[in-house]
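Report on the following structure.
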Number of protein chains: 2
Amino acid sequence: MPPFDLPESDPFSPHNLPYGVFSAPGATDRTVGVRLGDHVLDAGAAALALGSPYASLLARPCLNPLLAAGRTTWSDVRRALTAWVTVPAHQSTVAEFLHPLSSVTLHLPFEVADYVDFYSSEHHARNVGRIFRPDAADSLTPNWKHLPIGYHGRSGTVVVSGTDVVRPSGQRKAPTDPAPVFGPSVRLDIEAEVGFVVGTPSPMGSPVALADFRDHVFGLCLLNDWSARDIQAWEYVPLGPFLGKSFATSVSAWVTPLDALEEARVAPPERTHELLPYLDDTGADAEPGGYDLRISVAVNGHVVSEPPFSSMYWTAAQQLAHLTVNGASLRTGDLYGSGTVSGPAERERGSLLELTWNGRDALELPDGKRTFLEDGDVVTLSAWAPGPDGVRVGLGEVAGRIVGQALG
Amino acid sequence: MPPFDLPESDPFSPHNLPYGVFSAPGATDRTVGVRLGDHVLDAGAAALALGSPYASLLARPCLNPLLAAGRTTWSDVRRALTAWVTVPAHQSTVAEFLHPLSSVTLHLPFEVADYVDFYSSEHHARNVGRIFRPDAADSLTPNWKHLPIGYHGRSGTVVVSGTDVVRPSGQRKAPTDPAPVFGPSVRLDIEAEVGFVVGTPSPMGSPVALADFRDHVFGLCLLNDWSARDIQAWEYVPLGPFLGKSFATSVSAWVTPLDALEEARVAPPERTHELLPYLDDTGADAEPGGYDLRISVAVNGHVVSEPPFSSMYWTAAQQLAHLTVNGASLRTGDLYGSGTVSGPAERERGSLLELTWNGRDALELPDGKRTFLEDGDVVTLSAWAPGPDGVRVGLGEVAGRIVGQALG
């Protein structure tokens, strides 16, 4: 199939055009690519060949210059790219810069500045509360409905889809153990999330209002917040998760611009508590805030869950407003995760912790039972969003294989 | 006083030679400087004038290239610098590259990769436990003596000494309030800490052993982990501090290389619990691990506390071993804070939370009583360490003024 003759049903049609960073076959240099069907357009080379003013943003080894260029430029570049792959006169010029996806190497698409992870699915938070505090009157902590709870993670261990994840070692201690023991995690889990990528920075002391979300956030990716539940359980009181999370966080190779997701915007769930003004998205003028993204979680190719992103209680706009309300600045490349996406149904849960109810109910996979992850397991998150005229906008996938520790 | 004729008692003698980044009078370019008495040597210009091979590390706008060069080079560069400022033939060459400290602008000395903050003073942790959990059988959480508790903070809001700190706004809720309220923090505090600066990176999946600490850590700085206690109290369960800390973290303009602190190395306090092997520093071959740094905390020039760093339970080597034991990688520019330094005595506490016992006992300052910080207050942390032959090695200072929010 010639790259430009995509069927309307292709999730990487010209309605999508997500950005990534790749090396061409035999090359070591990295450059910005745009996905079209099962090809990658070398966007920098195309821009240079066409004499585009955006070559300085696209012929670069990471997305950060484009991210920093701001919302007007994001739209202009997207319009240009759309023309290059849809107008026959341009197609003939850029055709030579298309590479089969299977022939290229995909890299981490942007340099991560700060990484923050939220905890914004009510279904997830209630499941976790029921599992770990079964006797509590409320499965949510008192603050949960008043602010999107979040914390900082490790930017330096954010890796691109396809990177192996070495099973982490650490301390764990069951309540009945007399002292902690050390060894490879025996409760290694996933968290199916969506990551939001900040483009336009903001200065210290200047909170970003809800309405300014799309001026700052360029797009989104899929994110797997690998979690060692045994390490986390022993370490996290009182200052939160640390080594149970910091060994690896995987993101998809493609960043989908928010401009490709116009048709996927939806209202979030009804708010059950009055919100402080900086978080209040219930007004008639408020942006809908939510996104209808259909996520799929597969272990070794077998789908175990389909978490609906539209069920998230706190939106990405609220998360950004909260993150900055104390005056914290934003930098180009800041990444924040939605928190585990879990819907109301059992088959919509975004972690093995929930899917197996803390290991009580093993999942039946074609290759055997699973509570937590075993060495060699490959976890793949994929997703799509509704696009114009019933087409799908593909968000790609984030995959990773668990690797046992080398002996000695 | 000519710059090279320093009295033996000068805390910035050639025994010290800390590194910073500055702009010369009238210039906007940044370059690496080395402090000598109350002067700054333009180390890059000096290296170029002398034909030094280290010009490529020193004629740079931040310390990161030097940090990345590794321990052998750190020693070589230090030896060269020592010669430039002590050997008369070199002195005459480099004299023109000395600027009075008062004439230059000091900048953040390195680009911060990940920022982690620990909680490693037993006295501080016990004070916090007694304040917030007065009825608990043990003022420490069960994990405290088994691992150095830590969490990730926000790298993007690490600022250099002298930067104003805007009082953060956020949600707070007293236990008796029916709902949270929003506004400027009314319990703004400091945390007197020491920051450790990573030079040599490490790959994912490769823990850094205790004994390899000095291969990876280049030096240390002073650090003030500003904390909004009211914001923190409402947000931090269950995932730890977030907006109560992320608005600003101040560091000193000078990074003191560990090579300047040989005489300050001391054994840490006796270990009361058996340690897992990766944290065990009790063997005969173990490095002493602790540093004898004498910190001073002043509010508006009035000293309110003198926390002794030698009293820290967990050492910087243990913190690094723990931080990486799960396979997390290190990057050049990673920064980790010791946690609030508090000694056993009342006048050795490193936070206002402890000094005022959560606001119960106001401090008497020349300009009035203080529980937490008021707008206009200037907090200055300074420190020195014992050097050879009784000289002092100055660690400089980290200062910041609290600024009220501009009226909208």
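Even glycines carry a Cβ here, placed using N, Cα and C.
Annotated Ca(2+) binding in TrEMBL involves B:Glu191, B:Glu193, B:Asp225 plus, out of the candidates B:Asp114, B:Asp117, B:Asp292, the residue B:Asp117. Residues B:Arg133, B:Gln232, B:Tyr236, B:Thr340 are recorded by TrEMBL as substrate binders, and the candidate that the same record lists for that site, out of B:Tyr115, B:Tyr119, is B:Tyr119. Its Cβ taken as reference, B:Tyr119 (substrate binding site) is surrounded by 22 other Cβ atoms within 10 Å in the chains shown. Here the C-alpha separation of B:Asp225 (Ca(2+) binding site) and B:His124 (active site, proton acceptor) works out to 14 Å. The two recorded residues, B:Glu191 (Ca(2+) binding site) and B:Thr340 (substrate binding site), show a Cα separation of 5 Å.
The shortest Cα-Cα distance from B:Lys245 (Mg(2+) binding site) to any of the recorded positions (B:His124, B:Gln232, B:Thr340) is found for B:Gln232. In sequence order, the binding-site residues near chain A, meaning those of B:Tyr119, B:Arg133, B:Asp225, B:Lys245 whose CB lies under 8 Å from a CB of that chain, are B:Tyr119. The Cβ of B:Arg133 has fewer other Cβ atoms within 10 Å than any other of the recorded positions B:His124, B:Arg133, B:Lys245. Listed in sequence order, B:Phe242, B:Gly244 are the same-chain residues six or more apart from B:Tyr236 (substrate binding site) with CB atoms under 8 A from its CB.
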